[in-house]
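**Student:** What TrEMBL shows for this protein is this:
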| type | residues | note |
| --- | --- | --- |
| TRANSMEM | 12-32 | transmembrane segment |
| TRANSMEM | 52-71 | transmembrane segment |
| TRANSMEM | 77-98 | transmembrane segment |
| TRANSMEM | 105-125 | transmembrane segment |
| TRANSMEM | 145-165 | transmembrane segment |
| TRANSMEM | 172-198 | transmembrane segment |
| TRANSMEM | 210-232 | transmembrane segment |
| TRANSMEM | 244-264 | transmembrane segment |
| TRANSMEM | 270-292 | transmembrane segment |
Amino acid sequence: MTSEIRETSPPIAAGVWIAVISSFINGSTFVLQKKGILRSRKRGGSYLKDGVWWSGTLSMIVGQIGNFLAYNAAPAVVVTPLGALGVLFGAVLASYILQEQLNVLGKLGCVLCCCGSVVLIIHSPKSESVTSSLELEERLADPVFVAYSLLVVLLLVVLMVWVAPAHGTSNIMVYVSICSLLGSFTVTSCKGLGLAAQDAFSGGPSSSRALGLFLGLLGTLSVSILIQFTFINKALEHYSSNMFEAIYYVTFTSTVLTASAILFREWTTVGLVDCLGMLCGLTTVAVGVLLLRISSEASLTWKPAARGPDKID
C-alpha cells in the first residue's frame, strides 16, 4: 500500500504544479493580447504586428501545452479547479497593465464565478477509463454523442454566421458562447489524440484505422483552435479582458463537463448529492456572471462622465 502511494504521488504532485504554473501563464494571455490590441489601435496598424500581442499568443500556446501535460499526470478533478487561479491572476494583472479596475461588485462576481466553477467540477461525474482507440471510436460513434455534436455544430453555425455579426459587439455572451462550445471538440480531441497515437504508430493490425482516427482528431483540434483563437481576439477588441476571462472560464468548464459526461456516459453515476452540488455551483456561477455584467454596465456609464468623451479608448 505504501509503495503504491509512493509510486503515484510524485506524478500527481508534478501534475498539480504544472497546472498551477499553467494557470498563471493562461491568466496573462488575455491581458497581453488585449494590451497588444490597444497598442496597435493607437498606432493605426494591425495587432498581428505587435510584439506584446504575440507574447500573449505564445503564453497561450505554452499554457495549453502545460494543461495537456497536467491532465496526463493528475486527475482532471484535481487539475481543472486550478484554472480558477488564472482568472484571479488575470484580473489582478489587468488592473496594473490595462487599468481595468473592477469595482466591489466586479470583484465579488469574479470570486463567485471561480468558486461556483470549482464546486461544479468537484460534484461533476468522473470519467470512465478508456484504454484504446477502439473503445474511444465506439464512444465517438455513440448516437447520443453524435446528436450532441451535430447540435453543437448547428449552434456554432448560427452564432458565427448570423448572431455574431449582428450582436457580437454588443453582447459578450455571443463570443463567449462560440469559444466555449468549441471546447467540446478541443478537449475531446486532446483526450483522444494520445490514445489514437499509441495504436496508430505501434504497427499493429489496427494501426491504419487508428491513424485515420488520429488524423481526424488532429484536424478537428486544429480547426477548433483556429476558430476559437479568432473569436477570442474579436472579444478582446470590444470587452475587458478580466470580464471575458471570468465568464469564458465558467462557460468553457461547463461545456467541457457536459461533453465529457455525454461521451463517457457519466450521467449514470450521478447521485442526489452531486446533483444538488452542481445546482449550487451553477447558481453561484449565475450570480457571479450577473454581478460582472452589472459591474461592466456601471463602468461604461461612469467612464464618459469621469474621463470625458475625448479620452475614451
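Placed from the backbone N, Cα and C atoms, the Cβ positions cover glycine too.
Caution: TrEMBL annotation is automatic and unverified by curators.
Source: prediction; values computed, not measured.
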**Student:** Are there residues at least 6 beyond the ends of the transmembrane segment (172-198) whose Cβ is under 8 Å from a Cβ of it, and what are they?
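**Tutor:** The answer is 68, 71-72, 130-133, 136, 140, 148-149, 152, 155-156, 159-160, 163-164, 210-211, 213-214, 217-218, 220-221, 224-225, 227-228, 231-232, 234-235, 238-239, 243-244, 247-248, 251-252, 254-256, 258-260, 263, 293, 296.
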**Student:** Are there residues at least 6 beyond the ends of the transmembrane segment (210-232) whose Cβ is under 8 Å from a Cβ of it, and what are they?
**Tutor:** 30, 33, 60, 133, 136-137, 160, 164, 175, 178-179, 182-183, 185-186, 189-190, 192-193, 196-202, 248
